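Annotated features, as they stand in TrEMBL:
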type	residues	note
TRANSMEM	7-28	transmembrane segment
TRANSMEM	40-61	transmembrane segment
TRANSMEM	82-102	transmembrane segment
TRANSMEM	108-124	transmembrane segment
TRANSMEM	136-155	transmembrane segment
TRANSMEM	199-217	transmembrane segment
TRANSMEM	224-241	transmembrane segment
DOMAIN	230-374	domain 'O-antigen ligase-related'
TRANSMEM	247-265	transmembrane segment
TRANSMEM	272-292	transmembrane segment
TRANSMEM	356-384	transmembrane segment
TRANSMEM	405-421	transmembrane segment
TRANSMEM	427-445	transmembrane segment
Amino acid sequence: MRHRLSTFLSMLVYVFVFLLPLQTRWMLTQGTLNNELWEYGSFSLYAIDILFFLILTTWLISHAQYKKTTNDRSIPHAPHSALIIVFMLLAVIGFFSLTWSLDSKLSGYAWLRLMEGLILVGILQQSHIHTKKILWALLAAGVFQSIFAYIQFAMQEVPETKWLGLAAQSPLTHGVSVIETSQYRLLRSYGSFPHPNMLAGWLLITLFAGSALVMTSGSIKKRFIVTVGSLIITLGIFLTFSRSAWLALLFGLLIAGIATSHTHYRARQWKWIGIILFLFLTLIASSSEIVFSRLASNARLEQQSQETRKLYTTQALQLLHDDQWIFGVGLGTYTYAVYKKIDDTQPGWWYQPVHYVPLIILIEIGIFGLLAYIILLITIGISLAQYTSHHAPYREYAEHAKRSMLFLPMTLNAALVIFLGSFDHYFWTLTSGILIFWLIIGLWFKEWKYIHHAHNKLDFE
């Protein structure tokens, strides 16, 4: 019975990962400010939430029926209690922020979203949920979204699709994400996400999942399939025209190349990097006018974007000046704080979070919440630096198991979501972004624990 539950739970998790970009939702309450739509004040039940509830229920039933024994193969938690405390700290601070929040309902909803992510981290630690199978689900999802992105770019339209949660997008509509040249406006690809930058972030994650599969797949046929999938995803990343994602892609490839230079799998990795880089640079060279328009700081839309980001930063600093950095204004209430404390005359859609996750965390849940985030950031950074420099425990373990090859892409992805959080807000403010963030942190945490556990076993032996 337990085996069946474990298998069922694992399958649900793999399906959950594949369907994570899905935006299908039931709007419980539509948020409005000044009689205009206000997304950050809305309450929704997503299709992915129902699947998550099924995963959680299965997990709880499994643990209720069978107690853990000394023969349980789950990865030990004790050596990494510090990070577990960090996760718990975020949950506790978020919960207590309801007591001083500007809007306890908004904070309660945001806390449930945070808990959904943290519980996902815990579920991913189960030994029968295999990282490699999750990587295949990520790759498949990335290919699907990239094909979808190509169709949207070719059609220059995102048709409204209720069951996929897609709103209609046209380059002729004000407020839609486009690239503007002297002759035309081109729609940036959205995939199934509410913004091209979110699609770009997701595709980056799925691309480096492909990196892990290339290094760990023994079959030439599988490596060929992964490489083709990675090329399709690279095209998708290009069609988002997300500058931060492009930059993250180049840095990620560079770090991956350096970090694998001491491994037996460097030839596979370098070949994969070369193929991806060649396609990406070819796409840039063949679309130089569009790319230049996107990168030029003096273009009309780019100047408008820069001014908007400056406005959001100014608003954030104003909130900090009101001593909101100590305990915060309440989880999930950033845009409401702008409305209440800075300007209450604008339409609902005007109120947007600052494009910098650490600053949002500081304003919403205060200095202790930011400290927890910084500890997580530093731990990821140190683990990546140690792997790249072939430092213990990664040196010893890399000589003993192919499993260590999963660690680098998972750490790279964790570093990438932190990096992208310095240019956007969706990993903290939007449902799919929150779940993607904690999915990646959970996978990194799983491999981090595993590699340290293996090192401790080597020391003992």
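Using the three backbone atoms N, Cα and C, a Cβ is placed for every residue, glycine included.
Outside the transmembrane segment (272-292), and at least 6 residues removed from its termini, the chain residues within Cβ reach (under 8 Å) are 179, 181, 186, 207, 210-211, 214, 227, 230-231, 234-235, 237-238, 241, 249, 253, 256-257. Taking Cβ pairs closer than 8 Å, the transmembrane segment (427-445) reaches residues 17, 20-23, 40, 44, 46, 48-49, 52, 80, 83, 113-114, 116-118, 120-125, 131, 134, 193-194, 198, 201-202, 205, 332, 334, 353, 357, 360-361, 376, 380, 410-411, 413-414, 417, 420-421 in its own chain, all 6 or more past its ends. The transmembrane segment (224-241) makes contact with the transmembrane segment (136-155): 3 or more of their CB pairs lie within 8 A, with pairs spaced 6 or more apart in sequence. Beyond the ends of the transmembrane segment (40-61), by six or more residues, the same chain brings 5, 8-9, 12-13, 15-16, 19-20, 22-33, 105-106, 109, 116, 119-120, 123, 126, 165, 332, 334-336, 348, 351, 353, 429, 431-432, 435 to within a C-beta distance below 8 angstroms of the stretch. On the 0 to 100 pLDDT scale, the domain 'O-antigen ligase-related' (230-374) averages 92 in this prediction. Distant neighbours of the transmembrane segment (199-217): 20-21, 132, 134-136, 138-139, 141-143, 145-146, 149, 189-193, 223, 226-227, 229-230, 233-234, 236-237, 240, 242, 244-245, 248-249, 252, 256, 260, 263, 265, 268-269, 272, 276, 402, 405-406, 408-410, 412-413, 416-417, 420, 424, 426-427, 433, 436, 440; these residues of the same chain sit at least 6 beyond its ends, with a Cβ under 8 Å from one of its Cβ atoms.
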